[in-house]
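If you check Swiss-Prot, you get these features:
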type     : residues                                                                               : note
ACT_SITE : Lys18                                                                                  : active site
BINDING  : Pro130, Met131, Gly132, Ala133, Gly134, Leu135, Gly136, Gly137, Gly138, Ser139, Ser140 : ATP binding site
ACT_SITE : Asp172                                                                                 : active site
Amino acid sequence: MTKNATSASVITRLSPAKINLFLHITGKRADGYHNLQTVFRLLDWGDYLHFSVADELIITIDSVADNSAVDNSSLCGQLLTLSGADTITSSIEDNLIFKAANALLASAINSNSLPKNLPKVSVRLDKHLPMGAGLGGGSSNAATTLLVLNKIWQINFDQDTLIKIGASIGADVPIFIFGQDAIAMGIGEELTAIDLPEQQYLVLTPKAHVNTAELFAHSKLQRDIAPLSIKTIQNHSNDYVQHLNTPYQNVFTPVVTNLAPAVDEALRYLQELETQALSTARMTGSGSAVFLPLDAGVISDKARLAKWIEEAPCPAYLVRNL
């Protein structure tokens, strides 16, 4: 399937995965959230979302000046149907795709930007990314929904506005709206583009899920790494792109590998391949997925790659950057 496709009434979009090349916590905020520093890398691998646009229009308002009278939740229920997500959440309202559509409508109402007529849209999710893996699947679904419905419904918010809406849904949503590799700060919404070399990765997805709230509350989690300047991160990419050198790390790794034996096993498997791959294995996000950057020499050795995938202790995928 192509990454993105459009027919007369169906729009198909890749909802890509992400990995964190490193992940630091630099302190706790007054609002209870934590400040982070990371480099996000988007992957040419993920879920697919199919948006089918109906001919039927819903009259949303009597006039463009009457936005305040609209109930966005009720309107979203009329406008949006969702399939393929039945096993993810107990109800459509809890799904991040629906939440994204609802947040988009709410922002349009609040800014008096809601068009008078909107078409109904059916969204079908083809889920490929495992949940709770640190790959950003749900957040990517939300971001893709915001981007596509913003155009279908002709709300026409700019990227900065969509990023603000995305941040209200989840900390990882903004990077997928930004749409390119980036240095991230704050809770993940302060994004600076970064140019990184083309890269392929071996990604392992062990069946393990550790509650994120439990991780952030864990006594062994390091929460006070000294912040790095954007310039430092830009100028020292050799310390985290292929290898992971001090001070770069993923602070969640020791906590997660202690709590989840399957993650520890998967990471140890990749660590045994580091000498051949000429790189450093690591975990993405707060887990459970782990990955190994691959040297060009490894990529050309198809038999060796096939062996690594076959012998992996859990599902393994060969992917590249977006």
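Numbers here mean position along the shown chain, with the first residue as 1.
Glycine residues also receive a Cβ, built from the backbone N, Cα and C atoms like all the rest.
Here the structure is a predicted model, which means the values were calculated and not measured.
Locations of recorded Swiss-Prot features on the structure.
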residue : record           : CB count, 10 Å
Lys18   : active site      : 24
Pro130  : ATP binding site : 19
Gly132  : ATP binding site : 19
Gly134  : ATP binding site : 28
Gly136  : ATP binding site : 29
Gly138  : ATP binding site : 26
Ser140  : ATP binding site : 27
Asp172  : active site      : 27
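Highlighted in sequence order, Ala17, Leu129, Gly285 have their Cβ within 8 Å of the centre of the Cβ atoms of Pro130, Met131, Gly132, Ala133, Gly134, Leu135, Gly136, Gly137, Gly138, Ser139, Ser140, the residues recorded for ATP, and are not part of that set. In the three-state DSSP reading, Lys18 (active site) counts as strand. When the alpha carbons of Gly136 (ATP binding site) and Lys18 (active site) are compared, the span between them is 6 angstrom. In three-state terms derived from DSSP, Gly138 (ATP binding site) belongs to a helical segment.
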